[in-house]
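Taken from TrEMBL, the feature region 'Disordered' covers 1-60, 299-345. The annotation compositional bias 'Low complexity' is assigned in TrEMBL to 23-36, 299-316. Feature annotation from TrEMBL assigns compositional bias 'Basic and acidic residues' to 48-57, 319-330. Residues or ranges marked as repeat 'WD' in TrEMBL: 156-189, 198-230.
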Amino acid sequence: RSPRRPGAPSLSPAPRSGELGLPGAPESSAASAQGEPSPPSPPRRRPRPDCKAESRGRHGLCAGLGGPGARLFGWLKERSLGRGLFVDPARDNFRTMTSLYGSIHPADSVYLSTRTHGAVFNLEYSPDGSVLTVACEQTEVLLFDPISSKHIKTLSEAHEDCVNNIRFLDNRLFATCSDDTTIALWDLRKLNTKVCTLHGHTSWVKNIEYDTNTRLLVTSGFDGNVIIWDTNRYTEDGCPHKKFFHTRFLMRMRLTPDCSKMLISTSSGYLLILHDLDLTKSLEVGSYPILRARRTTSSSDLTTSSSSSGPRVSGSPCHHSDSNSSEKHMSRASQREGVSPRNSLEVVTPEVLGESDHGNCITSLQLHPKGWATLLRCSSNSDDEECTCVYEFQEGAPVRPVSPRCSLRLTHYIEEANVGRGYIKELCFSPDGRMISSPHGYGIRLLGFDKQCSELVDCLPKEASPLRVIRSLYSHNDVVLTTKFSPTHCQIASGCLSGRVSLYQPKF
């Protein structure tokens, strides 16, 4: 200890109750016992809790999780997976949004009359949620402000035939496709004229996707072609393009959020999955072996079919090419490299409960915003029934280098009202992936994986289970064909066959 000068004040702090080796009360307590008021102690002189209480405070989290043993490691594991409490603050926001969606009432909907523009085939919000675009049957594109419910502009001659799909490339640039076989690029800052028109398809263009990393536009049509457009080099005359893929009976095409896979649905009931997607390469049908399809039923069936059916590559369910030498060459090359080839194709016949193995027409195809699952709407061969199904991506090591690395497992399903036969009903995921909005007759249904609208990864069933109906909203006088969640606001839009667009908002 340092020596202390005589008469100098002590520099050591006053003893505090609860400190190790220093029993007794502080001086302020003694002064209070003599009846003299004691001044409030500064924060640094507040009595500290005893050692046992401090220990309990330090390990309170462990105690709340079941003890400092294995449960702590369980908590750490959940945290590493991003699934523990207080790990993802956005989850609390999503829980709040779920309760808001549950309070939506059709009486509070705002109706946007589209007059005589024909049926509404597609709805699309801008990424910042400031603009709602409407693709109409009668060659027009409508733009609305979804917040004020005001009409912004009508592109009266956007195309020469039905407008089928709209896709935003960023907050100002968007693309439209049409039955006139063309794709048009538009700029919100100058809507009087098109930026450019893209020619390349030979039949109705039905779908547009966009790779934000490479700025490549991907389109598909009823000509069976998937075409890549390089928007980095577009001019008034168009932009460079190439045919990437071809298959018969093509209905819809989607890219996963990370653009690592491409999914293609067909009217013959097949689902094509391109793995390790490389959009810079083109696929030729004739140079690949026989295209084989399989139904995803159980893990044992998947293993058997994966090991016996060989590589799955591009082609058509009805196109057979006996090129065994090509298959052997691909197999040897893949074994030398030790990895699966880029753009390897898996052909799946999605399982639909209660249906035969012949497969159904996959009319609508959507992907989970986090890339965990795919959402399909299937109709029976006789078009008597429709079903909405959710399939989880099953990732795993390939059985052999050239076999596919992923298959689908049916997790949730629900029967749909088959109203308006012959029309495709476009459904969608919510921005967080917790809910599904599905056209149902003259309205829409909000569906969840459970009643609490939990994450898909938190409520995966061992066997396929029904989707839960969170809320049903009926506000149209005709068959609803499309629906969409706002990416930024608690709002849902729906469009029907008679040309009406409805906006749904929470009831306060």
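The backbone N, Cα and C atoms fix where each Cβ goes, glycine too.
Just so you know, TrEMBL annotations are computer predictions that nobody has curated.
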| request: Six or more residues out from either end of the repeat 'WD' (198-230), which same-chain residues have a Cβ under 8 Å from its Cβ atoms? | output: 161-162, 164-167, 169, 175-179, 181-185, 238-255, 259, 262, 264, 279, 316
| request: For the repeat 'WD' (198-230), jot down how many residues DSSP puts in helix, in strand and in coil. | output: 0 helix, 21 strand, 12 coil
| task | Give me the mean pLDDT over the repeat 'WD' (156-189), rounded to a whole number. | result | 94
| What is the number of residues in the repeat 'WD' (156-189) that are helix, strand and coil, as DSSP sees it? | 0 helix, 18 strand, 16 coil
